[in-house]
Amino acid sequence: MKSEVLSVKEKIGYGMGDAASHIIFDNVMLYMMFFYTDIFGIPAGFVGTMFLVARALDAISDPCMGLLADRTRSRWGKFRPWVLFGALPFGIVCVLAYSTPDLSMNGKMIYAAITYTLLTLLYTVVNIPYCALGGVITNDPTQRISLQSWRFVLATAGGMLSTVLMMPLVNLIGGDNKPLGFQGGIAVLSVVAFMMLAFCFFTTKERVEAPPTTTSMREDLRDIWQNDQWRIVGLLTIFNILAVCVRGGAMMYYVTWILGTPEVFVAFLTTYCVGNLIGSALAKPLTDWKCKVTIFWWTNALLAVISLAMFFVPMQASITMFVFIFVIGVLHQLVTPIQWVMMSDTVDYGEWCNGKRLTGISFAGTLFVLKLGLAFGGALIGWMLAYGGYDAAEKAQNSATISIIIALFTIVPAICYLLSAIIAKRYYSLTTHNLKTVMEQLAQGKRRCQQQFTSQEVQN
């Protein structure tokens, strides 16, 4: 395929798809645990276990969705139809998940389990084809960085729109009736997400074509697993999502019980999201200046240090915490576009190794491990709060619960970032130089053995 410069309209269109996903995803990650425990009245321990089971089941569906997308043939392409036609049921189920029918406790738990599981499955139907779409819009590494930078600027804006506006919408629609407010708030946001997904469908184009798949699903899964760089990115994905999931899920508890000022939650979250916007915008110029792998592991190392430092900040130092969360927002979102480009690069690497371009199943496999990280992260919050004796009805939490909330917000993310930095520096080999070699040889129809780069040092 001849490389071409993507239009700003198409970059915005592609980014709108992830903005829509983050309107729902960030909302669920930030508010759903709190919604279930404090609004719907379900025990935290059950919610943690439900998150683990539902997300694990959903993770299993990811490879199936990827294999299905890779085998899709339509006049709209392989991936775009799923983005459009999955959007409406996704929005409807999201509203149902935030509904609070008048049921017994057992009825509430069953209802929550069913609607939450459906929500995660429909997220898969839309999001796996969407993520794979980024790998077939262009195969130019520079354009991919630009596309992903636009994507995450808009994704951050979508997440910010959802998380910052959610509580004002809850208060506006429901007033003192918080269950009605949550249901109405997510309904408004779901309509916005649907329109964004439709815009994504109509403004993007699939350009990188792969020959029709003739191998079995089992062979495709085997080929993906044999891609050593895909396995590395999968591991990095687990640690990345654990960091953001645990910190995000603990944020409302942290502001409420540690900072002691729940009314500043929106301001605290907005500070983090503004940092995210800046970080997304910095990804392209920084990777133009330095190898993306170097930027990735250095940034993760810095995130680990800052997250650990937060643990020692006094509880009453609210202004200091605002500074910390802003810097973390910048740095975390700086590495996120880079990581998604690394995912696309492993698809090219896999084709270079074995002659098969498995875009759908590659992204599905990565999202599979992402969902496992989400499952464990969500469960960890619920289990740890239950272990500490968290009680939403109490006016003050015990010391064990306070310590657990602080650790979830600081220590756990620090460990995840540190492991990401070590793994990326030591094992990820698709540097700018090495990837250029892969792309040049792919253009010439050449192949190489998978181990060629494994002993090479990361080149700046």
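Using the three backbone atoms N, Cα and C, a Cβ is placed for every residue, glycine included.
Copied from Swiss-Prot, the annotated features are:
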type	residues	note
TOPO_DOM	1-11	topological domain 'Periplasmic'
TRANSMEM	12-32	transmembrane segment
TRANSMEM	33-53	transmembrane segment
TOPO_DOM	54-80	topological domain 'Periplasmic'
TRANSMEM	81-101	transmembrane segment
TOPO_DOM	102-116	topological domain 'Cytoplasmic'
TRANSMEM	117-137	transmembrane segment
TOPO_DOM	138-152	topological domain 'Periplasmic'
TRANSMEM	153-173	transmembrane segment
TOPO_DOM	174-181	topological domain 'Cytoplasmic'
TRANSMEM	182-202	transmembrane segment
TOPO_DOM	203-248	topological domain 'Periplasmic'
TRANSMEM	249-269	transmembrane segment
TOPO_DOM	270-288	topological domain 'Cytoplasmic'
TRANSMEM	289-309	transmembrane segment
TRANSMEM	311-331	transmembrane segment
TOPO_DOM	332-366	topological domain 'Cytoplasmic'
TRANSMEM	367-387	transmembrane segment
TOPO_DOM	388-403	topological domain 'Periplasmic'
TRANSMEM	404-424	transmembrane segment
TOPO_DOM	425-460	topological domain 'Cytoplasmic'
With pairs 6 or more apart in sequence, are the transmembrane segment (117-137) and the transmembrane segment (367-387) linked by at least 3 Cβ pairs under 8 Å?
yes
To the transmembrane segment (289-309), which of 12-32, 182-202, 249-269, 367-387, 404-424 is linked by the most Cβ pairs under 8 Å?
404-424
Mean pLDDT, the topological domain 'Cytoplasmic' (270-288)?
85
Flag the pair the transmembrane segment (153-173) / the transmembrane segment (33-53) as in contact if three or more Cβ pairs fall under 8 Å (sequence separation 6 or more).
no
Report yes or no: does the transmembrane segment (404-424) come within contact of the transmembrane segment (182-202), defined as 3 or more CB pairs under 8 Å with a sequence separation of 6 or more?
no
Pairs 6 or more apart in sequence, C-beta under 8 angstroms, 3 or more of them: is that satisfied by the transmembrane segment (12-32) and the transmembrane segment (249-269)?
yes
Touch test for the transmembrane segment (367-387) and the transmembrane segment (249-269), at least 3 Cβ pairs under 8 Å:
yes
Taking helix as H, G and I and strand as E and B in DSSP, count the residues of the topological domain 'Cytoplasmic' (174-181) in helix, strand and coil.
5 helix, 0 strand, 3 coil
Who are the chain neighbours of the transmembrane segment (249-269) in space, where the CB to CB distance is under 8 Å and they lie at least 6 residues beyond its ends?
29-31, 33-34, 163-164, 167-168, 315, 318, 321-322, 325, 377-378, 381, 385, 390, 397, 401-402, 405-406, 408-409
Long-range Cβ neighbours of the topological domain 'Periplasmic' (138-152) (under 8 Å; 6 or more residues past either end):
1, 3-6, 11-12, 14-15, 17-18, 207-208, 280-281, 283-284, 287-288, 292, 333, 336-338, 340-341, 344-345, 348, 432, 435-436, 439
I'd like the per-state residue tally for the topological domain 'Cytoplasmic' (102-116) from DSSP, helix first, then strand, then coil.
12 helix, 0 strand, 3 coil
Within the same chain, where does the topological domain 'Cytoplasmic' (174-181) have neighbours whose Cβ lies under 8 angstroms from its own Cβ atoms, ignoring anything closer than 6 residues to its ends? I mean 6 or more beyond.
39-40, 99-100
